[in-house]
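The domain 'UvrD-like helicase ATP-binding' annotation in TrEMBL covers A:1-465. If you look up TrEMBL, you'll see A:S11, A:S12, A:A13, A:G14, A:S15, A:G16, A:K17, A:T18 marked as ATP binding site. What TrEMBL records for A:514-764 is domain 'UvrD-like helicase C-terminal'.
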Amino acid sequence: MEQRPFIIYKSSAGSGKTYTLTLEYLKLALQSPHAFKQILAVTFTNKATQEMKERILKDLTRLSREIIPSEFLDQELMKFLNMDEQGLQHAARETLLDILHGYGYFAVSTIDSFFQRVIRSFAKEMDLQAKFELELDQAAVLDRLVDRVVEQVSSDQNLKKWLTEYAEERIEEGKSWDIRSALKGLGSEIFKENFKGFQPIFEATIAHDGFLADFRKVIVGKKEELIDEALDIKNKAHEIRVRYGLEWTDFSGAGGTNNFAIRLDRLGNEKNPITSPTESQLLKIEGVETWYTKTSKLKNEIESAADAGLRDLLKSLPGMLTQWNTLMALSRNLNAFGVFRNLIHELRELKDEESILMISDVNDFLKGIVAGNEAPFIYEKIGNQYRNFLIDEFQDTSEFQWSSFKPLLVNSLGTMNTNLLVGDVKQSIYRWRGGRLELLLHEVQEQISDKYQNIKNLSINFRSLPNVVSFNNSLFSSLPELMQEAISSEFKVDSLNLLSDAFKGVSQDVPKKKLEVDFQGKIHVEFTQKAAKNSFDTSEEEEEDEEGDQNSVLDKLVPIVKELQDRGYEPRDIAFLVRKNQQGADIADKLMSYAQENPDSGYRFDVLSEESLFLSKSAAVKAVIALLNYLGNPADLVPLKTFWFYYALIHELEYSHELFEKNSLPIELLTKQKYLVEHLNRWLQLPLMEQVEEIIKFLDVYERKVDLAYVSGVKEAAFDFVKKNRADLQGFLDWWELNQFKRTVKIPEDHNAMRILTIHKSKGLQYKAVIVPYLDWKIVANGPMAPIIWSEYAISDSLKTVLPLTHQSSLLDSEFVGIYGDEVRLAYLDTLNMLYVAFTRAEEVLYGFADFSQTSKGVINLKQSGNILYTLFAQGFSLPTHPSKYYWDEEKLVFDWGEWPVSTLAKELVKATAIDLKWDSVDWRQKLKTREYAWDFSESGIQAREHRRLGVLIHEILEQAQSLEMAIEMLQSFVFDGRIDKETQQTISTQLIELFELPQFKYWYADDLQAMSEQGILLPGGKQKRPDRILVGENQAMVIDFKTGEKASKHELQVKEYMELVQRLTDLPTQGFLCYLEPTEIFEIK
Amino acid sequence: MNSFLKNTAEELLNSGQSLKDMIVVLPNRRAGLFFTQHLGSLIESPTWMPEVKTIEEIFYGLAGERPSDELSLIFELYQVYKTLQPNPEDFDRFYFWGELILKDFNDLDQFLADAKWVYSNLADIKEFETDLSFLSEEQIALISRFWKSFKKQSEVEREKFLKFWQILDRLYVQFQVNLTTTGMSYSGRIYRAVAENLNQIQKPKKQVYFLGFNAFTLAEEKLIKHYVTEFGAKIYWDLDGYYLDDKRQEAGLFFRDYRKDSVLGATFPEAIPTRIKAKASQIKTYSIPLKINQANLVSKIAESIPGDERLEETVIILPDEQLLFPVLHSLPESIQKLNVTMGYPIRNAPIFSFLDAVLDLQRYMKIKEDGVFFYHKPITDLLSFSYLKEGDAKFVEGMLNDIKAKNLVEVSAANLAKGGDLFQLIFKEVKSTELFAYLGDLMQFLAQSLKDDAIQRSYLFQAFKQLTRIQDVFEKNAPGNVRSDFYLKLFRQLFREIKLPFEGEPLEGLQIMGVLESRNLDFKRVIICDVNEGSFPPGGGINSMIPFNLRRAFSLPVQEQNDAIYAYTFYRLLHQAEEVHLIYTTASDQGKAGEMSRFIQQMQVELGIAAPSAVLIPVDLTPGKPITIQKTPDILDSLKRYILSNPDPEKQMAFSASALNTYLDCRLRFYFRYVAGLKEKEEVVTEIDPSTFGSMLHKAIELLYKPREGEPFRLIDTHTIERLKVAIPTAVDNAIVDFYQAESIEKLTLSGQLQIARAIMIKYIKAILKYDQANGGFKVLNLERKYLAGIPVETSDGKQNIAIGGFIDRVDEKDGVIRLIDYKTGKDNKKVTTIEAFFDRDDKKRNKAAMQTMLYAKLFQAENPTIRKPLKPGIFNIKEIYDPNFNPFLILDKEEIQDYREFAETFESELSGLIGEIYDLEKPFDQTTDLKKCEYCPYKEICGR
Ligand code: SF4
């Protein structure tokens, strides 16, 4: 068999992608000992990485215990590796242990972290700072960035102009004049690949000052020209009309919109100078009959006027409109864009100052390193050389990422090493992060030589029951076409068959044996009609509507949960998929409050969500944050009252006017209040982490044992914050303000609770029962949410740049029609993919809820996913396997298919045995001691420092030094340590030399006696006695002790004690000396 | 219990040799402390101690030299670097590179590698290839692989690499020369010097023992072997067959090598103990979601320490130093003594933040004609610290208020210094030459004021030591005019890295330490936190400028060696332990997934330890609650203040339009603001909120149109306006000056936001004037004047006359019509559906601005009951004013409202009804159901919305 090394798996939902990937990994890893070190498996998220690792290790562990010949995996491995059972078992064991002990080489990693590793080793070459930190929080950086840029207004006239005009524009649109938030919106583009792809062009254009100003001048000029032109046409038309003695209302259509001729009269308006005939009108212009009504008496005059120039004038309008729209599109973001230069410049400064590298720069940099290189050197530097690359979720790979990987792959393929891409175009939902599904769709295949390629399709669905598969087969065979129709009917854009192409071969098979099981799966999709939107409504109000409708869905969820649990589904089998975290939070609220109101319902409503169980939901957390806010600004009473309110809530005290009134407080709280007042100042001096701790303690939640997971979450937040930032209170509060909705309660995965997660996060996961409550959303965003698309544009050869355009329908009639269409198509594909991901998560049961709307005339626009789904079902959605419309209930607007199994038994839920934690918090300060040194910042140290009492330092030196040389060396080490400065060193050194000049010192430090002071004397029990100097000679011994400060009799006693000890150990007559250092005085102790 | 150090102590004690004649060498000082402690517990009468040393001390002693401190070394390195690099970066930027280079040099020396070979000039690869005789096959393979792939690099990349690489070679050589002249050294250099001159070492008079070593550097290995062969030194190894015999176990990596060695091999004991094998049942693992909750679990475990057990037999090991304080906080009361041995980063301490803010302050200092000024941001930062607050709380509060209220961008040093000693110390101009003294004084001052906070004092001391160092290093070397900026950056870089070395003196109490601090020590009960990949063992790889393959080829340590050291540190703890608790965290955060440590995975497969127990934190939650305030007598009492009783508008409490609008928006919000008296928070500095914008705007127009003092009105015609047009910018400036109570616009540094606001105001006012001019002359009656009126309202106490009032932006008269004008800077429009709709709280498009102007008309009418002229309300709204067809008047049913009086009846009865509701006992203050209203509500934290 011919071995083509480049395997591309095109997978589908539930087709065993992970399984396949693991199998392929094992095939490579088990080939030879340590082969695993040469495999790099790349996944998309940290979680996926984790799971992949676990999966591999689990399979290896199992294989090393026993081989199951009936397992497909085992069979494949034995076949591929040409091993028998024993051989495989042995190899698995060896590899498992090799991996566990060479764990650093076990390269399963996210693209990001792999790239980061490479970047680190190239830091110097890339001119990065040595200790750069990778900054993940782009929003925070942008925040600082925009503030800094706005502050430059005083020194940068250009900037001031851009910003002021921008602010004015916004005011005219009825928005707040504070432009910072809007700047942040557009500014975030600088981190995106969309812009970065064009960055070189951009940098080139702004290289010379005033470019953008010139550019704008030209645009403004051109606009004026167009207006003039329009006025000119208007005048000409006017002149012709008058010449033939006509009024505009004489033309067909009179004063209404059907009168195309009257448009000539409306030209030249400042805001909207060009009013072009519609497409259908344009067709009619050619003839003459359409110019007048049948009954018109002025037929001849009108005909002549048309021929005399009105027709030609009208025909020139569309072209002008295109020009106008183009100019408008260009100018729409121009003012904000004018600030880009400053943003980019300032970002560079900021990165340098704070030694950070933006996470978004990583791909950029790597592309730079890889470009034009043969890849292996990269690995030589980081120390691993990979031969095999396995890339998962390839459809989400970005252009930059792929161009960094490509040389590696090509290099590896060149030596016929196996490489593997796995992905599913249908599940590409990360376009907003730069994911480029076209790569998997066709581009990679075009870029890599055919002779290497081995394309495989995974088409069996192992995940879902037959009904679910069959339903999805039908649904996703029909949806692409319907949506393509929508693209052309709603947006006048050619679909180019993009959706159909991506969903080619969407139908999956089911493993035979599943067809025999009792339960075949159940699908329930329900629609609710909501009031049609008035097209004049602003987008804000639309959102309001959406929220309104969401509540009605919520009410339907509780019965479903009950039903499912009745049918034997455990909480962990059930998942809710949402688009936005807030929707998830609503669901969580609903279920939790139901559980609280109905404690004895007999059902379980525990939910678990990485994204929706916001910390700030908890009263205790609110209280903690409020009090921190109060600490930060004690003049503000609102946080304080907030605190008391939540305190009362936690402790089940009644709140009242007394609590909120600014000068009063209920008596129950007065002692607390007193404590607060007394401790406020002390708390202010504590490090942030401890402030939080103290406040939690003050809140008494540890005793009440409530909200523990939540307050822990806040502590963790502070913990994480301190790690990265200057640990001050205000900084934390600001950070919290921005990040509170990113912090959720963390619950272990194995907790038996229902899952709430976003469709995005659900990718790769599966649940027995899946509920998708909000299936209706706008497909192509507009208004403030409209996407920004970048386009090159050249007004003239010298005036060429790249500009941000807001996606809006007027682009259709502009020079940007091409990118406009791209965006529409991809937006539809996004929605289709999102639906696909959502619907294919279910193993057994699928619930979906969608709103839809139609006008009074029964027209349904196909711009909303809900409407599209409704249209599909209402128009007779049928299942090829069960060709009948029976499952659609027109009245109830419900599609329902599948019978519950006859017998279901509710399982007894096993409660995990919990390990207890201890919660109270104690004062540890008394227990902890730090060591003291001479001249440190303890009270005595500071005093010594102030009075320059050198004796203590000299004492510390003499305690250890065996000679003057050593003393000087030690003194030097004080300097190196920073304890004293050079000047002090000088003085001490002089004093030391003087001391060693003294006859006694000469004798004490002479070589003829053996010095034992370094060793000292050990007493039973471990205590040590260390006189500063012990000398032992042939027939006598000596003890010397140095002292600072006042003379005291206890010093004498101490020396005597030493003398006794030494005498006992040496059996020699022992002399004792006491030497005071300030001033130097020596006494012999008798 | 048994422990390696104790057992060895016993052996030495029983060896028949006198302790006095022994030198015991241990890997670190702490081990020495424990060793002597053990010795002490074994003797019965006082005795001379053996000499207890660390291997470092042996080397330094032999060399008669100690290493200099890192900063001096890096600075010295930088001096050399500057001569070799054409465009050297600043020292603060170089610092960390220098650290890395120095570390590499140290490695090269410790492992006795030929630096010149390692940094061999890549241009001369050929030459290199011909002389490989001294390298092993494997080494050659590694090196040539590197060269080969290197050669394939693109020209540009090769250049980049070479540029630096070629410097390193010369840098090393020249650096050595410089050190010799300056008499400085680093430890690797000292080690190499000793190891390369072994024959000069004099035979020690005492018997030498090496205890508990695991991984030697090559220099150490040579020295120790020399001691063994030449001086009969003895070695005691602390090891276990579990990892020694299994070739895969990284913990035994070094021992296996040494055992094969001809010299060291003989020092291994006959019987290798195997203790770990049987430990499976004593090892417990736990998974826990949050890092912070590890502290709670540790505490739970610590609680179970039997009361009669000695605390020092339990150790808590914290790979992440930051967990120290959470753990300390949670320890049970029963633990009365503890001993912490680890470094703790001082950047977590408030004192660090404070110093950091001081540096910031100085960085943005400005010297102007009239003194020294500081930027507001660091000032407010500093003032929020307790150190200054304690100095003079009143002053601080006043200053903070001033900065907010006056939107001060800068404050003068003179002003700030009024706060007292500390203020004078901080807020003053500091020249770059005075910076050290400045910071030094500040630190000492702070240390003194932190009376009994020993820990914070220690933090300060650590920072101070670093400061002294920098001072010393730079004092003699710095070129005369270094910018302070440079120092500030440097300080910041260095301070950030400082750690406070906690080291408890007494060897008693519960032991808390870092991973490496546990070396050589044995405990009965071992609790380790963060047993996660990346923490234990720490990941991240070796930080080095020398590429991996070259390190390998020259036997410099690579990650493998690092891992082996950590593996040994880990498994060694199992030797004597009777109870092991390993905790790892599962929550993923900031891109880092919580992955269980490889050690646990290894033990699961090889030792068969039990699966981890998952720790569950109860997730129950106290949810928020709706708030409804019933009208109590107290509340009604306070509402009585609004009854019209005082003819002086300044003294009478009155409901304003915004109070009424607030009440309509949300009754509870009204309650908080007007009944409970909770003031809305002042906006943060530099942000110009709409109300600030509004007040300045009003003021500016007032300044333009104001009637002269004493005159009842002022006539404004198109000519006047023509003249006023040029005065707009000045008027705006004066309005700003007035608002911020500044002396003049020049004195006021306008923030970026304010500058933009100013430009917009000018433009807006121009538009207003343009409108006024186009529409012909009028008489200004008054501007920004307060009006007060009463309205009869049905309350529980019967009919009352309730006060309403407010400022009217502009009252003028044109063509016999009195116009009541309001300037609006928001989204407001002029469409009125019905008069009733003004008071319909469910109307989503309720026109608050129009209601307000109608109320103005009412106020005006009440005060001027005799005037019969039409009262026409109007709004100049910024949103529409630029429209050429702008018209300010309210539109009802497509018609302009010509005279308030036409609607007065309905308006007033609705108004009275509304106020009646406020006094209605049955109508509690409750929350709005429209969440949109809460979005910008200052009380939303209370409501939890
Ligand atoms: S947050 Fe909402 S409910 Fe609460 S006071 Fe403000 S507006 Fe009323």
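Positions of Cβ are set from backbone N, Cα and C atoms, glycine also.
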Across all chains shown, how many C-beta atoms besides its own are within 10 angstroms of the C-beta of A:A13 (ATP binding site)?
25
Taking only the residues in the domain 'UvrD-like helicase ATP-binding' (A:1-465), give me the average pLDDT of this model.
88
Out of A:S11, A:S15, A:T18, which of these binding-site residues shows the lowest number of other CB atoms within 10 Å of its CB?
A:T18
Counting every protein chain present, what is the number of Cβ atoms, excluding its own, within 10 Å of the Cβ of A:K17 (ATP binding site)?
20
Cβ neighbour count (within 10 Å, all chains shown) around A:S12 (ATP binding site):
26
Coarse DSSP state, helix versus strand versus coil, of A:T18 (ATP binding site):
helix
For A:G16 (ATP binding site), the number of other Cβ atoms found within 10 Å of its own Cβ:
18
So for A:G14 (ATP binding site), how many other CB atoms are inside 10 Å of its CB?
22
Excluding A:S11, A:S12, A:A13, A:G14, A:S15, A:G16, A:K17, A:T18, please set out which residues of the same chain place their CB within 8 Å of the center of the CB atoms of the ATP site, keeping sequence order.
A:T20, A:D424, A:L458, A:N461, A:F462, A:R463
